[in-house]
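These features come from TrEMBL:
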type     : residues : note
DOMAIN   : 70-509   : domain 'Amino acid transporter transmembrane'
TRANSMEM : 71-91    : transmembrane segment
TRANSMEM : 97-124   : transmembrane segment
TRANSMEM : 145-169  : transmembrane segment
TRANSMEM : 181-200  : transmembrane segment
TRANSMEM : 207-226  : transmembrane segment
TRANSMEM : 246-266  : transmembrane segment
TRANSMEM : 278-301  : transmembrane segment
TRANSMEM : 333-358  : transmembrane segment
TRANSMEM : 434-452  : transmembrane segment
TRANSMEM : 458-480  : transmembrane segment
TRANSMEM : 492-511  : transmembrane segment
Amino acid sequence: MYSICPSRLDVLSIALRSVLGRHTLDVPVAFSFSVLNLPCGAQLEHTNYFDTLVFTMGGGSKFFTTEDLKIAFNIFCCVYGIGTLGMPGNFSRAGPVLAVIGMAFMAFANIYASVAICRVMLLAPESVRTYSDLGEWCMGKWGRWMTVVSQMASCLLVPCVFLVLGGTLLDGLFPDAFSTTYWICFMALMCLPVCLIPTLKEGAGAAFAGCAGTIIADAIGVAVVMHGMRGHPSIPAPKLEFEQVAGMFGNLALAYNAGIVIPALQRQHSDPTRMPRIVFVTMGFISCLFLVLASTAYSSVGCQITGNLLYSIYPDAAGLTTLGFSSDWGAVVMAYFFMQLHITIAFSVLLNPAFYLAERMVLKMHQKKENDVENALGATSYIAATTPGKESVNDDRRSSKMSYISNADAENPNYGDFEAEAAEYQGANAIKYVILRIAIVAMLVVLSIIFKDHFSDLVDFVGASCVTLISIVLPVVFLLKKLWHSIPMYEKIPALCVVVVCSLLGCYVTYTSGKALFAPSDDDTPFPYCGGEDEDVVYYNYTAVHGA
């Protein structure tokens, strides 16, 4: 029998629920505590003496609940996007062995970093509601500014990638109608009314449609490539150069970009201690899909696939692709339309956190209450803010409201309070926020037009710079800062390796891809990932071999 100070019971119960929630699968768990009325404070400050703590087993805990599946659905829809188009190209850059090693490392780094956000959020008070709040709670004002800058860059540059890809796809769907520049402007103009919705919410149906569009486009692209290259001989291997192999880091980082939405998801889960398991399982499943997609396309083409899967299936004026086979125009149109569906939905949603941050900095909107900030920075505020008693009161409220949470809510401080959220866009702010958002979209259009011929380089640049910082480096740093003394050495070493390796690779790939963006070369080699004669000549031309 053990005794425990009543003032510490909340902390102990949270810790026990957190540990058991992460390490049990369908094991019935419940507790009842018997607490003696013993003195607290200095008397028990440095002792492990406990007198009465009685555990009673009962109840049940499922591996995945319906609410967990909703959260997993959120994460999957946020992650599975345009980054998948470069997966076959990663194998083409590095070959199967190095590509699998690189993908395994990036899967580990991103899963660990995403779980790290969940673990830190479990310690944070309820006043920590957004990613930037988490940065300030962990590292003060510097932490907030690092998260805000990296998040702003990510939420602005990724839509830039969308505009470049969307303009290219529309130009391909309607050849000789307009230039890519016109299509970029047209796409931004069509998305602008949605961007101006002050309280944009992405429904579960829209999220599923966007995610399904990517999956279908990928499936069609792989099917067209495998059908067109049927009967191929041994595939050509890539030339292995460090710069080329390291380039896959940027694409993989962009593909896994899930960090900013996790705090919004966790604050709505009725049992936040289940979040690490949900994130681990979902991100692991996504990693398996990435591997299947990359290896399947590579098995037919080798190093001759481009950095964008959809570009490899597009026919020229003669009806032939760069790989020498004749692709079905209907299949190409369907793949392009489904990817365009994803881009159109995701563009406005991903911009919303940047809109919130810009409105907070420029227009002084969405300000946190001063007492919330002070509570968040308090040394012991998490004890009162996360007690099981308070949590149980809010469980039904949170679970009943939570259906789908997207990137649009990532920096929304008034999530769930629709009246307070709408009130900020009335009066003098009504015109100001419209002008600010139009200016942001116009800036993105200009950048997209400048980089319209460098989609792959832009993807690598965005992924290696701001996405790496916001989704990998900062979460692990936050975890190490908050739990350094309690994390075992066998976890500290891999965590530090993730921070160091990802920081170095991120800086290197940012430099190399930035050089290609701002000082592009005139190299027009058809298959730059290959060596020897495979650089210039397709290794297997189905049309020539079979006279088709």
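Our numbering is plain: 1 for the first residue shown, then up by one each step along the chain.
Each Cβ is built from the backbone N, Cα and C atoms, and glycine gets one as well.
Note: TrEMBL annotation is automatic and uncurated.
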*asked:* Using a threshold of three or more Cβ pairs below 8 Å, and leaving out pairs closer than 6 in sequence, do the transmembrane segment (458-480) and the transmembrane segment (97-124) count as in contact?
replied: yes
*Looking at the transmembrane segment (71-91) and the transmembrane segment (181-200), are there 3+ C-beta pairs under 8 A, with each pair at least 6 apart in sequence?*
no
*Is the transmembrane segment (458-480) in contact with the transmembrane segment (145-169), using three or more Cβ pairs under 8 angstroms as the rule and ignoring pairs under 6 apart in sequence?*
yes
*Recorded stretch that, among 181-200, 246-266, 278-301, 434-452, 458-480, has the most CB pairs under 8 Å to the transmembrane segment (333-358)*: 181-200
_Candidate ranges 181-200, 207-226, 278-301, 458-480, 492-511 - greatest C-beta contact count to the transmembrane segment (434-452) (under 8 angstroms)_ = 181-200
